[in-house]
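Engineer: Quick one: the structure is below, questions incoming.
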């Protein structure tokens, strides 16, 4: 409120929402009581009842669905908050782990287990991360609807389960490695969103490409060959198959499966960026175009600006530019 909003206003981001739908009692009743996405048969019936063109009715429903979406200013403030948290907690974790012996030798995670001291810095690191992921769990139901809602829900459940489980079983050493590794790329994605909202497209593309590289290196390289190696094999060798070994590693492998899915989405988006010359929209988001111009120019731009089945959002004036509406 006191930092992000003034920054957004100085960057020229206006607190204006999508185009609002024209008031219409009949369409409003259908929208609130029957369906928000009418099929072709219902559209034809409404067209005859109102003497409106079908495309005009489609446009009305699209505007009505979008008018409750958060403004670009709201999304900028949310991304700036997440960017601040991810960046701060990542540097806190790196500073703390740099002097930790298990950061350089993962076998140290299991020496003298479970009789390992819980320092105050370890405690606060864990509590901050747990509180943040709980907040993401609840805010997911009020944030912008995304196609990967179920994947994110599973991710948050697995993350909260891992943090809680590892804390209760004093596996905080390997837990800090997992947390720091995941924070390494998240702040870069939020930086890309901020640049996109502020209309710095080249900066947005650069941040996203950097995010993609860091994400794939950490989640598909370091995570399986460093983290999973120590939890699956080194722990078995040093302390044996403890009772919760299967549950702990099951959650970690679940995270790895999610990493593979997201890496595919990132590579697909990066490929589109190389083809089109700029980062394409976030394939996870279900925000639709609310611009009249899209309908007017749809025929002339067909084949140049491809859209998904639910439309392509024109955020900040970029018809085919990146749409970074979050995790």
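Every residue gets a Cβ built from N, Cα and C, even glycine.
Note that this is a predicted model, so its numbers are computed, not measured.
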Engineer: When you get a sec, could you say which of 43-62, 63-82, 123-142, 143-162 is annotated transmembrane segment by TrEMBL?
Structural biologist: 123-142
Engineer: Per TrEMBL, which of 180-201, 246-267, 268-289 is transmembrane segment?
Structural biologist: 246-267
Engineer: Ranking 83-103, 123-142, 246-267 by Cβ pairs under 8 Å to the transmembrane segment (207-226), which is first?
Structural biologist: 246-267
Engineer: For the transmembrane segment (246-267), find every same-chain residue at least 6 residues outside the stretch whose CB is under 8 Å from a CB in it, and list them.
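Structural biologist: Result: 148, 151, 154-155, 158-159, 161-162, 165-166, 169, 171, 178, 211-212, 215-216, 219-220, 223-224, 227-228, 231-232, 283-284.
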